[in-house]
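Inspection log for the structure reproduced underneath, given as structure tokens.
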Amino acid sequence: FAGLADVSISEDIPVEGEITVPVGSRSPDEVYSTLDEPVKDTIMRDLKAVGKKFVHVMYPKKSSALLRDWDLWGPLVLCVSLALMLQGGSADSKDDGGPQFAEVFVIIWFGAVVITLNSKLLGGTISFFQSLCVLGYCVLPLTVAMLVCRLVLLAGSGTVSFIIRLIVVVAMFGWSTLASTAFLADSQPPNRKALVVYPIFLFYFVISWMILTFTPQ
């Protein structure tokens, strides 16, 4: 480095910039911090994120929107709502419907966990919680089907009512299955996709059967 001794910088040449600040543009994540934002803004931001995921489920396509920013708030709300609507105890019944609620809750979450483990063992490239997020959010069509069935049952429980409920449940079952496979298709090896889709089919089929066979007490 002997040649560097001859290199000199003229004193009248101004030096621009600060040494302590790195030159270059900052990323948006560095500029924007959520630590100092109001609680209201945080809640509204999370609600908008959950709403966007609901929109992606209602209009399913091959996208990683549910995988980039996963959460379990939406699946939890859907699971609780579906379990509450499926508990058949009436207001004056001695049975408070607790075991029925627990049964639905456990079936949904245990089934989602089993499917996720199956996907990981078959070589899936998504994380455990990403798969739970997709499976949970895709229960939305079946939750809508349960709400429609409850409204139809208010008018009666005859043959026409059963046919209407059957059509609605079958349509929403297909919607949930197609939506979940659309989001999870690219994360599985091509030669093992059928082994992943089959448990998903059974998972939503069991929930659909519980909805179709529901009769209020």
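Just so you know, glycine gets a Cβ as well, placed from its N, Cα and C.
What TrEMBL says about this one:
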- 59-210: domain 'Yip1' (DOMAIN)
- 70-89: transmembrane segment (TRANSMEM)
- 101-122: transmembrane segment (TRANSMEM)
- 134-156: transmembrane segment (TRANSMEM)
- 162-184: transmembrane segment (TRANSMEM)
- 196-215: transmembrane segment (TRANSMEM)
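Counted as Cβ pairs under 8 Å, contacts with the transmembrane segment (70-89) are highest for 134-156 among 101-122, 134-156, 162-184. For the domain 'Yip1' (59-210), the model's pLDDT averages out at 80.
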